[in-house]
Amino acid sequence: MAGFSFFLMCAALLCASSAHAKPTLRKERVLYQDPELVRQAHEDNKSYQYDHEAFLGKEEAKTFDQLTPEESKDRLGKIIDRIDGDADGFITTAELKAWIKRVQKRYVYENVAKVWTDYDLNKDNKISWDEYKQATYGYYLANPEEFEDDKDQFSFKKMLPRDERRFKEADLNGDLAADREEFMAFLHPEEFEHMKAIVVLETLEDIDKNGDGHVDEDEYIADMFAHEDGGPEPDWVKTEREQFSDFRDLNKDGKMDQDEIRQWIMPQDYDHAQAEARHLVYESDSDKDQKLTKEEILENWNMFVGSQATNYGEDLTKNHDEL
């Protein structure tokens, strides 16, 4: 387990270092983006690659991209039959939304299942805070002298109490031991309503460099863009400054508080699965009857295989009862 702890320590260091480094490319913190707005912003990209990466992540998109077009279409055709719940030959927005939500939920569950045994050290089917702390920070806590001169020591000192705070927020019964549902909330707080305040707070802490409890325009821009060469700002940065003034700073006091940050990264009354389903239907509905046939979907296979609706074909290898 010491080796595993050291591996996690290195991964944590990498994450912490990247959190403090200034990005050279635009960083998106919005958790629930509107696919139609994404399409408009990237309308010159005819390959749907942005859709693939936005809805699957880069690694998952690469996995599916390795398939031939014929393999992709074949897998997609079989998935369509399963999405069509009433077997009427049409895929409605509601059916597509329901499928996407199920795939999203399964992704979170499987992600937790993959790491569960690494943290459940005493095999009691719960993960206590002490178990998580030992597995994640054990090497650092046992060998602090190795980090005395390390610039990342600060990151460990910051991350440990932050993880503890999030763990306790996810621990609904307060026993400092997470069951699977609670551990899901800990690892994927953006998926749980009672965890969203933590997501907002962590976002604020990441961006608020002067520690005043707010995010001003310069901090907002610095989180996305590093002005290293001293040249003019790209047009998209100028647009983001306008966005900050017009839409982020709702009370026009020159900065964002936690409520305004929440509106930014997690818009109220926004259903990501619904927006994604509407987007897919709109883009593929050739006869504009507000529903899709298998033929219409297959004609747009390259967009759909990059969508959460397919989960890059994994569902074909699973028992139907799992979904």
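Heads up, the Cβ atoms here are built off N, Cα and C, so glycines get one too.
Just so you know, TrEMBL annotations never went through curation; they're auto-generated.
According to TrEMBL, the feature signal peptide maps to 1-21.
What TrEMBL records for 71-106 (among others) is domain 'EF-hand'. Per DSSP, the secondary structure of the domain 'EF-hand' (71-106) breaks down as 27 helix, 2 strand, 7 coil.
Under the heading domain 'EF-hand', TrEMBL lists 107-142 (among others).
According to TrEMBL, the domain 'EF-hand' annotation covers 158-193 (among others). Here the domain 'EF-hand' (158-193) is broken down by DSSP into helix, strand and coil counts: 25 helix, 2 strand, 9 coil.
Annotated domain 'EF-hand' per TrEMBL: 195-230 (among others), in sequence order.
Sequence-distant contacts of the domain 'EF-hand' (158-193) (same chain, at least 6 residues past either end, Cβ-Cβ under 8 Å): 12, 16, 31, 104, 108-109, 111-112, 115-116, 119, 125-130, 132-133, 136-137, 199, 202, 205, 266.
Across the domain 'EF-hand' (195-230), the DSSP tally of helix, strand and coil residues reads 19 helix, 2 strand, 15 coil.
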